[in-house]
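What Swiss-Prot records for 63, 107, 200 is active site, charge relay system. According to Swiss-Prot, the feature Ca(2+) binding site maps to 75, 77, 80, 85. What Swiss-Prot lists as disulfide bond is 48-64, 139-206, 171-185, 196-220, and the listing cites sequence analysis. For 24-244, the entry in Swiss-Prot reads domain 'Peptidase S1', with the evidence type sequence analysis. The signal peptide feature in Swiss-Prot is assigned to 1-15; the stated evidence is sequence analysis. Residues or ranges marked as site 'Required for specificity' by Swiss-Prot: 194.
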């Protein structure tokens, strides 16, 4: 994440005592089409990530909210038209009603696509979790965020990072009095690997289920400052109810 206090996968600045951080540091270039649920949120340029959870719905971070968003699916190199992309405007953008921009609690939003996505080898959905994330589970984090812990280098190609879920005790010890029951940590206490600016809103997938949303952190890939993620399991009912009410 940033050398400053930051939000670990955010695209636009947020007026909070954190700095936006939405990139992958210490990862690797994803194999093309290996993360078909990953989307890019665009408002003239990429600013956040997201995850396709049904043909017409995307989940992202609440701090990624903008009034007008184009969702770009099937992307790998976001600077090149590769022929597999689907660009679909948002019809509805619904941030969690209890989203708190100061502490980033309930950092989640849903985006309804104006037309359903075409599901194929390049674009597909990711399952919602059936149980909360267990400590020690290896997860895949992906995004087009900054790849440097100091300075800036934004990749054109989607980046991936394999990282473990940390215990809630280690998460709370890393950020005293800042971790709510709706947050969890993924990463390495020794630093060197993390999400960062530009990754915000993107997926944390563990055992084939969307367990996390890139939310915030202090800097990127700093020692004893792992990335903090929205715990999707806590919002499964809200997601299902919101989709049903807006179908």
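Yeah, the Cβs are placed from backbone N, Cα and C, and that goes for glycine too.
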Collapsed DSSP category at residue 63 (active site, charge relay system): helix
Work out how many Å separate residue 206 (disulfide bond) and residue 185 (disulfide bond) at their Cα atoms, rounded off. 13
Measure from the Cα of residue 200 (active site, charge relay system) to the Cα of every one of the recorded positions 64, 77, 80, 185, then give the nearest. 64
So among the recorded positions 75, 85, 107, who's got the most Cβ atoms within 10 Å? 107
Where does the mean pLDDT land for the domain 'Peptidase S1' (24-244)? 95
List only the single closest residue to residue 139 (disulfide bond), chosen from the recorded positions 63, 77, 80, 85, 107 by CA-CA distance. 107
Lowest local Cβ density (other Cβ within 10 Å) among recorded positions: 77, 200: 77
What is the total of other Cβ atoms whose distance to the Cβ of residue 185 (disulfide bond) is within 10 Å? 26
Taking residue 63 (active site, charge relay system) as the reference, which of 77, 85, 171, 185, 196, 220 (the recorded positions) have a CA within 10 A of its CA? none
For residue 220 (disulfide bond), the number of neighbouring Cβ atoms whose distance to its own Cβ is within 10 Å equals 33
So among 77, 171, 185, 196, all listed as recorded positions, which is physically nearest to residue 64 (disulfide bond)? Use the C-alpha atoms. 196
How many whole Å apart are the CA atoms of residue 185 (disulfide bond) and residue 80 (Ca(2+) binding site)? 33
Can you tell me whether DSSP puts residue 75 (Ca(2+) binding site) in helix, strand or coil? coil
Residue 75 (Ca(2+) binding site) and residue 48 (disulfide bond), compared by Cα position, are separated in whole Å by 13
